[in-house]
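According to TrEMBL, the features are:
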type: TRANSMEM; residues: 43-63; note: transmembrane segment
type: TRANSMEM; residues: 83-105; note: transmembrane segment
type: TRANSMEM; residues: 117-138; note: transmembrane segment
type: TRANSMEM; residues: 150-169; note: transmembrane segment
type: TRANSMEM; residues: 181-199; note: transmembrane segment
type: TRANSMEM; residues: 228-246; note: transmembrane segment
type: TRANSMEM; residues: 267-284; note: transmembrane segment
type: TRANSMEM; residues: 290-306; note: transmembrane segment
type: TRANSMEM; residues: 313-331; note: transmembrane segment
type: TRANSMEM; residues: 343-363; note: transmembrane segment
Amino acid sequence: MKNPSRFIFKIKNNILNTINNATFIDNGNFKKKFQIYARKQHLAAWVISIITILFLSLLVMFIKINNQGQLLNNRTPLDLFKVNYETILQIWITGASLGASAYMFQRITKNRLVDTSTLGIGNVCLIGLFFLAISINFENYGSQKLFENLLPFIFIISGVCAGLILYWFSKKRTGFSHTKLIVSGVFINFIAIALSISLKDNLTLVASNYIDDRLLGNFSNRNSTEKYLSYAVFLFLMIWCFLRSAKFKVVITDTMIAEQLGLKVKLLNLEMIFISSCLTAVSYIMGGNVLFLGIAAANLGYAVFGNRFSSSIIFSSFITIIFLIFGQFILDNIVQNLTSLVFDAPIVTPLLVAPIFTFIILFKNNI
């Protein structure tokens, strides 16, 4: 009978030889092959998302179906482009703002069920809206124009204030608390909702009806002040975000390593909160109150690109844009043909995203 210890030694030796074999390690070729595979997967994600955005944008811009299921051809393509291109641009800006801000807040809080809706930033923007509405006489046409011109600035200021409040309650003497950020966001959300209800009760009927569109969310035409301010703020914030992306990536990956590298973790967290809050305000200016849409998009961005900050932000933005454009197409060509009730895309879209949101809640540990 063979010696068992000698037999075990042979097995161990064979395993070591296999591990050390050039065909297994191959001087890093296995790792290189995995990296090539990952790059191909990422490239496929980019190509599919970009093609989907362009395809859906063209559908929304040029395709309109009546309630008999027939394609309407009463306008030239040029006329349709002039009518619809601003809506497409609004959807792009709104989606990019929501997707980027949601991803940053999820990485800051280390919680994949968090976005700007759950942290109360949007409701603080609504409080600013109500305060402005109370101070304006909507029965005067000039006052209505003043309201429209001041509103984007109020949204930006409200978003900044919300972000600063979140940061103030979340910072510690020696660092930054992700848990405190979530808890303070929940409290701000409750307080903002209660205050919003009280403020709305003090509005006149004309004022209440006038701001209902802002509360529900829609992609109706915006005036020049709203559009150009949103474009400028959005571009500035995204450039700022990408210039600082390398440091942001280190902070969201491991704060201890960031501190060892000498990075100012609290300052970088403040920057990300500030950028996210302002992007939320931009989305309110361009698309109104869109609830919980960023949660699903940010999760998909993280699932594909992880902590690769710039790539994840862009991909999360693309996914949010796809959700919004698809919702707009469903609204224009199906919902409006089936019912006379008034619906807006930011209201329809979360209903379409709800199955994804439910899947994330049930299987978030496996994504």
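Just so you know, the numbers here start at 1 and follow the chain as drawn.
Cβ coordinates come from backbone N, Cα and C, glycine included.
Just so you know, TrEMBL annotations never went through curation; they're auto-generated.
Model, not experiment: these values are computed from the prediction.
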CB contact flag for the transmembrane segment (267-284) and the transmembrane segment (150-169), at least three pairs under 8 A: yes
Which of 43-63, 83-105, 117-138, 228-246, 290-306 contacts the transmembrane segment (313-331) most, counting Cβ pairs under 8 Å: 83-105
Criterion met for the transmembrane segment (181-199) and the transmembrane segment (290-306) (at least three Cβ pairs under 8 Å): no
Top Cβ-contact partner of the transmembrane segment (228-246) among 83-105, 117-138, 150-169, 290-306 (pairs under 8 Å): 83-105
CB contact flag for the transmembrane segment (150-169) and the transmembrane segment (117-138), at least three pairs under 8 A: yes
Beyond the flanks of the transmembrane segment (83-105) by at least 6 residues, Cβ under 8 Å: 57, 60-62, 75, 114-116, 119, 219, 221-222, 227, 230-231, 234, 238, 241, 248, 272-273, 275-277, 279-280, 282-283, 286-287, 290, 293-295, 297-298, 301-302, 312-313, 316-325, 328, 345-346
